[in-house]
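Below is one structure, written out as structure tokens, with a few remarks after it.
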Amino acid sequence: MRSEWVARRRGQANVTQMHFARQGVITEEMEYVAQRENLPPELIRSEVARGRMIIPANINHTNLEPMCIGIASRCKVNANIGASPTSSGLAEELEKLKLAIKYGADTVMDLSTGGGDLDEIRTAIIQASPVPIGTVPIYQALESVHGKVEKLSAEDILHVIEKQAQQGVDYMTIHAGILIEYLPLVRHRLTGIVSRGGGILARWMLAHHKQNPLYTHFRDIIEIFKKYDVSFSLGDSLRPGCLHDASDEAQLAELKTLGQLTRMAWEHDVQVMVEGPGHVPMDQIEFNVRKQMEECDEAPFYVLGPLVTDIAAGYDHISSAIGAALAGWYGAAMLCYVTPKEHLGLPNAEDVRNGLIAYKIAAHAADIARHRPGARDRDDEMSRARYNFDWNRQFELSLDPERAREYHDETLPADIYKTAEFCSMCGPKFCPMQTKMDAEALSELEQFLAAQPTG
């Protein structure tokens with residue numbers, strides 16, 4: 001779809017959406033996003049120019065259907081997929097991608113660390129995906145030196161970043177905010193460093209007693225991103241991995257650095273979103289969102305949950321969706337889903353489905369709470385369908401129509417029950433929605449009440 005759009009941009013030193021937005025240009029991607037969001041194109045342009053919105057759209061991902069991430073637009077949901085050395089491979093991950101898109105993922109991250117040729121897996125995912133694809137390039141960089149962290153060099157990392165940009169990756173998690181001087185701050189944590197990328201870089205810094213190479217080479221990464229329009233997703237390497245560690249000195253020190261890196265990228269018109277926690281008690285979520293907005297000048301906030309309790313193993317998609325809904329309400333722009341397998345194992349296709357639906361609920365609830373225009377229209381239509389016992393319409397309006405139909409038909413499978421004025425919960429005699437309060441009856445009641453003596 002985008003081949004003609006990007007053809008005339010090729011060869012330019014800077015092809016980012018932010019660069020064009022700051023020149024006053026409304027790109028085809030901005031026009032497309034404006035239609036999807038039902039917002040004025042000029043608003044999209046101004047938000048991208050300001051840095052409050054990003055349109056992750058690598059010029060080499062030509063089959064992409066552009067979308068945006070930002071406070072002015074709908075709250076978005078990301079789904080993580082990816083093969084591992086011990087489970088899954090290309091075929092399974094392509095099936096997960098298909099399911100993720102079916103159930104409403106706005107972006108997908110390929111977090112493959114094994115299971116085959118990583119370049120082959122990534123290329124296949126990009127070619128099959130109409131939604132933006134994100135990656136964490138430090139994973140492949142480590143794989144390129146056979147997992148030996150101490151042998152990893154800045155050149156190895158930059159080579160992988162450039163290669164993934166050429167392949168069409170739309171945004172990359174870059175863990176540039178974890179500095180060597182922050183490592184002692186995790187001494188009193190219960191769970192230390194829980195970011196895989198952050199852990200890799202921490203081990204590298206401990207081995208070499210040198211500064212984080214992603215930080216020292218951040219300008220080199222900016223130059224790569226300018227050429228392909230790759231967006232930064234600044235990784236929170238020191239995010240809390242449990243409630244005990246939330247909002248601590250280590251997390252907030254890194255957040256300040258992420259703000260500095262955001263402004264550095266903006267100086268070169270490179271798009272940025274900032275990643276956030278993690279595991280956060282409900283009463284600290286608003287603080288975390290407000291603090292990110294303050295430190296990072298309102299760059300879009302992309303949160304992993306957060307989980308609001310640490311004891312829901314097997315149900316962390318629920319624990320985290322609670323936190324995600326609150327974060328979205330307070331201003332987070334994108335929610336990274338958590339599946340029931342979080343902390344337990346690699347998610348399968350059904351886990352992807354359950355995690356995504358939980359997060360679509362959270363994002364939608366946030367949009368309603370933020371009074372986004374039209375956010376509640378579908379809910380009101382569902383309510384009308386319920387009141388009219390229009391079962392098929394109820395299924396259609398559900399976030400997961402197949403599951404809604406499956407649960408209804410579990411007890412009342414016959415077609416005749418698709419027009420019945422009850423379900424198996426109340427049966428034919430006790431459903432309160434059968435009590436129709438028609439206008440004529442209510443008018444008569446009002447007249448009766450008005451005629452009653454007062455006092």
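Using N, Cα and C of the backbone, Cβ positions are placed for all residues, glycine too.
So that you can see what the record holds, here are the features copied from Swiss-Prot:
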{"type": "BINDING", "residues": "Asn80, Met109, Tyr139, His175, Ser195, Arg196, Gly197, Asp236, Ser237, Leu238, Arg239, Glu275, Tyr302", "note": "substrate binding site"}
{"type": "BINDING", "residues": "His279, His343", "note": "Zn(2+) binding site"}
{"type": "BINDING", "residues": "Cys423, Cys426, Cys431", "note": "[4Fe-4S] cluster binding site"}
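The binding residues for substrate are recorded as Asn80, Met109, Tyr139, His175, Ser195, Arg196, Gly197, Asp236, Ser237, Leu238, Arg239, Glu275, Tyr302; their greatest pairwise CA distance is 20 Å. Neighbour counts of Cβ atoms within 10 Å were compared for the binding-site residues Tyr139, Tyr302, and the top value is held by Tyr302. Contacts of Arg239 (substrate binding site) defined by a Cβ separation under 8 A and a same-chain sequence distance of 6+ are given as Val194, Ser195, Gly198, Gln251, Glu275, Gly276, Pro277, Gly278, Leu304, in order along the sequence. Counting only residues at least six positions away in the same chain, the Cβ atoms of Val136, Ile138, Tyr139, Thr173, His175, Gly235, Ser237 sit under 8 Å from the Cβ of Gly197 (substrate binding site). Close to the recorded [4Fe-4S] cluster site, the chain also has Phe422, Ser424, Met425, Gly427, Pro428, Phe430, Met433: residues not among Cys423, Cys426, Cys431 whose Cβ is within 8 Å of the site's Cβ mean position. Cys423 ([4Fe-4S] cluster binding site) falls within neither a helix nor a strand when secondary structure is assigned with DSSP, and so counts as coil. The distance from the Cα of Tyr302 (substrate binding site) to the Cα of His343 (Zn(2+) binding site) comes to 20 Å. With respect to their backbone Cα atoms, Cys423 ([4Fe-4S] cluster binding site) and His343 (Zn(2+) binding site) stand 37 Å from each other.
In the three-state DSSP scheme, Gly197 (substrate binding site) falls into the helix class. Reported as a whole number, the C-alpha separation between Cys431 ([4Fe-4S] cluster binding site) and His343 (Zn(2+) binding site) equals 42 Å.
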